[in-house]
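J.: Let me begin by handing over the structure; questions about it come next.
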């Protein structure tokens, strides 16, 4: 079953390449052309401006004859040498160290940025507090001066009233002495 699936995948890759090559050489397809590929049968349905359409028919595993050759597995990779493996390991280790250094650098930059932001926020807070305190002190001084000026004005009026009352009393006493 697994070999059938892998064969199907390979044939689908080959089919698209084959179709491209055939369409280059034969611009007019043969009507009802059927292609046989091992355990697959491919029928060309129609050709459109947008592309071609095909019908792919897979034969069941029971229909496959034992005489049909098994499709070869993909070529094996060549054995890698110890030196090559060592180079790969060293390169991987170097990439890991570089990535780790980059992460540490980013963390350090982020911490430095956080410190700068915190320092700036504290500085702005201190400036705001100092300005608010200066403004409050100014208002208190102004209020104190206004209050003292108001009290001085009240004292002055009171003194003037007392002087006027004393003058009125004197005038009254003088009239009483003259009349009496």
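Glycine residues also receive a Cβ, built from the backbone N, Cα and C atoms like all the rest.
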J.: From the ranges 59-82, 83-106, 107-130, grab the one Swiss-Prot calls region 'Disordered'.
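T.: When 59-82, 83-106, 107-130 are checked in Swiss-Prot, region 'Disordered' belongs to 59-82.
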J.: Taking helix as H, G and I and strand as E and B in DSSP, count the residues of the domain 'SLD' (38-180) in helix, strand and coil.
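T.: Reading the DSSP string over the domain 'SLD' (38-180) gives 98 helix, 17 strand, 28 coil.
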J.: Taking just the CA atoms, what is the gap between residue 50 (phosphoserine) and residue 60 (phosphoserine) in Å?
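T.: Between the Cα atoms of residue 50 (phosphoserine) and residue 60 (phosphoserine), the distance comes to 32 Å.
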J.: Return the average pLDDT for the coiled coil (75-179) as a whole number.
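T.: Mean per-residue confidence for the coiled coil (75-179): 94 out of 100.
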